[in-house]
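S.K.: So TrEMBL lists these for the protein:
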- 41-288: domain 'G-protein coupled receptors family 1 profile' (DOMAIN)
- 27-53: transmembrane segment (TRANSMEM)
- 60-79: transmembrane segment (TRANSMEM)
- 91-120: transmembrane segment (TRANSMEM)
- 140-158: transmembrane segment (TRANSMEM)
- 203-226: transmembrane segment (TRANSMEM)
- 238-259: transmembrane segment (TRANSMEM)
- 271-290: transmembrane segment (TRANSMEM)
């Protein structure tokens with residue numbers, strides 16, 4: 001495989017989502033509304049958790065991280081997509097493409113680790129309630145959260161450097177709406193078999209490991225919940241865990257569809273990618289606020305709809 005400074009491409013052209021020209025403005029407005037709702041919804045969750053002392057607990061600290069990740073993932077992708085719809089501005093510099101690919105995989109991998117950490121937190125809270133406070137201390141919580149960000153950084157640095165060390169010497173049309181591994185690899189002027197294999201193994205191993213850890217945690221959680229005698233206790237525990245499990249499924253299914261098929265060029269790939277880059281960051285705050293009584297109460301207090309009581 002060739003490598004080195006053989007790049008003659010200074011920029012890429014993002015083909016974007018395939019659509020009739022007359023749908024450019026309607027699609028721009030639709031995605032703009034989704035983006036604004038995503039930013040405001042996740043921003044509201046972050047603000048609520050920061051200002052409400054009742055939510056200063058590991059579960060909500062991790063949720064604060066998740067909302068920040070959703071907000072930034074959407075911000076790394078959607079603004080450039082919007083400019084393509086309205087201004088037909090589809091050019092992205094070589095450096096911009098590198099930054100976008102790195103940012104997306106850094107944030108996405110960090111989110112993958114965070115989901116696993118959130119499942120472990122629920123496992124401790126429900127299966128080991130007497131030891132929860134001594135195990136999940138503030139410092140432990142901070143170190144675990146920091147570990148997810150460091151893990152995401154290492155993963156993304158590896159993937160990004162492994163791709164952009166290859167020569168780009170000809171075609172520069174990215175048949176996608178953002179710079180992502182499968183689409184960029186098709187433009188490389190060299191054999192990409194090893195890269196596709198590494199992408200499959202690396203992302204597949206990380207996703208499968210995290211998903212199995214999450215399933216294991218929830219296996220113990222379900223067994224513990226079924227032993228709760230109180231119907232209200234079982235309902236509250238299931239309600240809290242159902243929100244997280246729903247978000248995990250919504251996140252993992254589309255990612256598995258895309259990254260475990262790195263050589264695929266099916267039109268459906270773009271639709272699936274829109275779901276986990278644009279729709280999922282919007283759904284997360286909705287799912288967590290609708291299924292979590294404490295979050296709904298905190299949002300009402302933040303809006304002044306109920307009078308805050310002392311802790």
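Cβ atoms are placed via backbone N, Cα and C, with glycine included.
Curation does not apply to TrEMBL; its annotations are automatic.
Any idea what these are sitting next to in the structure?
M.R.: The average pLDDT computed for the domain 'G-protein coupled receptors family 1 profile' (41-288) is 86.
Within its own chain, the transmembrane segment (27-53) has Cβ neighbours under 8 Å at 17, 19, 60-61, 63-64, 67-68, 70-71, 74-75, 78-79, 81-82, 85-86, 278-279, 281-282, 284-286, 288-289, 295, 298-299, 301-302, 311, counting only residues six or more beyond its boundaries.
Tertiary neighbourhood of the transmembrane segment (91-120): same-chain residues 7, 9-14, 59, 62-63, 65-66, 69-70, 72-73, 76-77, 80, 144-145, 147-149, 151-153, 155-157, 159-160, 163-164, 168, 174, 178-181, 184, 206-207, 210, 213-214, 217-218, 244, 247-248, 251, 255, 277, selected by CB-CB distance under 8 Å and a gap of 6+ residues from either end.
Residues 58, 61-62, 65, 102-103, 105-114, 117, 202, 206 of the same chain, all 6+ positions outside the transmembrane segment (140-158), place their C-beta atoms under 8 angstroms from a C-beta of that stretch.
Outside the transmembrane segment (238-259) by six or more residues, the chain places 59, 66, 108, 111-112, 115, 118-119, 122, 126, 180-182, 199-200, 203-204, 207, 211, 214, 218, 221, 225, 269, 272-273, 275-276, 280, 283-284, 287-288, 291-293 with a CB less than 8 A from a CB of the stretch.
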S.K.: Sequence-remote contacts (6 or more beyond its ends) of the transmembrane segment (271-290), Cβ cut-off under 8 Å?
M.R.: 17, 31, 34-35, 37-38, 41-42, 44-45, 63, 66-67, 70-71, 73-74, 77-78, 81, 104, 176-178, 180, 243, 246-247, 250-251, 254-255, 257-258, 296, 299
S.K.: Any residues 6+ beyond the ends of the transmembrane segment (60-79) with a Cβ under 8 Å from its own?
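M.R.: That would be 31, 34-35, 38-39, 42-43, 45-46, 49-50, 100, 103-104, 107-108, 110-111, 114-115, 117-118, 121, 141, 145, 148, 177-178, 247, 277-278, 280-282, 284-285, 288, 294-295.
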